[in-house]
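Data first, discussion second: the structure below is written as structure tokens.
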Amino acid sequence: MDQCVTVERELEKVLHKFSGYGQLCERGLEELIDYTGGLKHEILQSHGQDAELSGTLSLVLTQCCKRIKDTVQKLASDHKDIHSSVSRVGKAIDKNFDSDISSVGIDGCWQADSQRLLNEVMVEHFFRQGMLDVAEELCQESGLSVDPSQKEPFVELNRILEALKVRVLRPALEVVLILKRQKRWAVSNREMLIAQNSSLEFKLHRLYFISLLMGGTTNQREALQYAKNFQPFALNHQKDIQVLMGSLVYLRQGIENSPYVHLLDANQWADICDIFTRDACALLGLSVESPLSVSFSAGCVALPALINIKAVIEQRQCTGVWNQKDELPIEVDLGKKCWYHSIFACPILRQQTTDNNPPMKLVCGHIISRDALNKMFNGSKLKCPYCPMEQSPGDAKQIFF
């Protein structure tokens, strides 16, 4: 992160200089053009086109040429200074970013099976982003066969998301059709949405009802009729439904001029996009974020630490320290954003616990792994490595995260 800040600082200097140079250049050239234009007009009026110039005018022209030359030299010098600043950006990039990242690669990592798996992950990522033509081209080039049924959910998902991103609330025909398509998707998956405690279907009905409110008294009857769709959600969304019904009183003066103006907040479209993506991915058995983007982000965080440890290993000539394909030489903290399940590392053995080696809670409250527990007790007694309490190993209890 510090490397990025350093490069960004140099880049900001260049942009600031470039902006100042542009303004200075434009102002200087305009003044020069006005000056020479005025001088030309004065000469033509005083002497005509074929008359000889007086000594005074010759001196004025000489000064004009000198002014032009000085201005051009000044602009050229400033331009050269900008080139120097641009080169410093390149040097900052070379200094702060190691372009040779192949040193942390492991030979033989991308075998045929791994390469096929990577292609599948990339294809799924392109499907998620709605880049269907790119995904199909990748399938052809890599010889990957993708079942059409795997692509169809992503096509539908992206089609509805693109419609939601329009963020239009006024009761126009195309918006109504968009919302009705989205409603049909939610209704057809209602049981699964209820099972995962989703509010997606209610919020889609709510948005459609608000679009009717935007039409004023013209849509009053239709809005009242549509309110029947809130009946299945009355138990969990009673307060929200009451607010929607109360807004009907202000249809004549307009919702935008009423205490219910918050119903027109455009941010709810962004919220519905996030909710729709989350619930749709859950119904499809997929993660909300693309596995490829998550892996790439994690790699960007881990790469500097891995490059540093690789340099230390080579410098100290420690062979065999890092030769396993599925294990890193050090623990890399990816931040809470990448916490997908709870883990516990034994403070004694420095190893993550597993099903065969679960975490055990001692009587004193400290937690160690079962393997550490078996190695530490002497006879029938165990002394906690963190406090002087002696206890029986049989009193330790397995805990579950």
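Here the Cβ of each residue, glycine as well, is placed from N, Cα and C on the backbone.
Predicted automatically and left uncurated, TrEMBL annotations should be read as such.
Look at TrEMBL and you will find 153-220 tagged as domain 'CTLH'.
The domain 'RING-Gid-type' annotation in TrEMBL covers 346-387. Within its own chain, the domain 'RING-Gid-type' (346-387) is flanked in space by residues 393, 395-401, which lie at least six positions past its ends and keep a Cβ under 8 Å from the stretch.
Annotation source TrEMBL lists zinc finger at 346-387.
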Check: By DSSP, what is the split of the zinc finger (346-387) into helix, strand and coil residues?
Finding: 7 helix, 11 strand, 24 coil
Next item on the list: State the mean pLDDT for the zinc finger (346-387).
Entry: 84
